[in-house]
């Protein structure tokens, strides 16, 4: 992507730019002038080219209690270019094309070096409103008021500062409005099918919830060669959308009569599905997913974010006797710095179909319209261009 030299002229100095600031829970974002400090050691300052809206941003925007906090710059799915680097940054340089990712990847700790985990132990994920290493912010307004970060990214700003463990360098050939999708939702769904479940060709897959993440699971399952991809939801219109992502059948949970969803699926699949994905964030649906995966080898993968105090109620005997597997999938089990570039290549090779996830695009000043579209269920991913 060709960039002019003006993007790289403020190294070591604060930058004044525009950001969309969330000042009160649930109230429209306000476009304000903010001051973005230069990066400290192990940090980079990014010029955000475009950002997309994820439902996690909506959840945080509505939260009145911690981890909700205000004033804050939300946003975490983005494509950007490195404007300047702090001390001790070796893997990135000015002008690199990158996607910031909420899940740290230090590439040095025992977990990051292992193929068994993507949960960094040196920088454990937390819903912190500040940056990793010194618990401070790089954002202030003209009056000196501190503005909080979001998921270490804060992409609803023309410039942002991000720790190097949260930045992945990618091939600049991918269009910005497709690259940004790989920062969170699409990677999570595709990765859950590819990495966490390791879906096999010919498999039967059931997906509870056909929002963006659920549809990304369908896309991942399609890439893995699943034969049957069954979507479960309460809105049959979602089936028509799901067909574009490889969904072959649909179960409307409101039309199951006196049977449970799991009973319906067990009958449809002659004993249960090979892989079940819960993408809503409800403990009761996790239990239904576990109930309808096949005994002996069935896997249930949890992607949905439920309330922190939500509890599962599973029979200990069934867990033992059925030999099923239940596991979580944070960021789809992907290691950001090694696996996301693979997804970029698969898109460039016309295997991974990202285009169909983008239903709307707006300019930065219309960012609140993107919120309205997602809340009303009218968009999958709305791309917000910072300067188009």
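We count from 1, first residue shown onward.
Positions of Cβ are set from backbone N, Cα and C atoms, glycine also.
Remember, it's a predicted structure, so these values are computed and weren't measured experimentally.
According to TrEMBL, the feature domain 'Alcohol dehydrogenase-like N-terminal' maps to 41-170. DSSP labels the residues of the domain 'Alcohol dehydrogenase-like N-terminal' (41-170) in these numbers: 15 helix, 39 strand, 76 coil.
Residues annotated as domain 'Alcohol dehydrogenase-like C-terminal' in TrEMBL: 213-343. Per-residue confidence over the domain 'Alcohol dehydrogenase-like C-terminal' (213-343) averages 95 (mean pLDDT, predicted model).
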Structural state census, the domain 'Alcohol dehydrogenase-like C-terminal' (213-343) (DSSP three-state): 58 helix, 24 strand, 49 coil
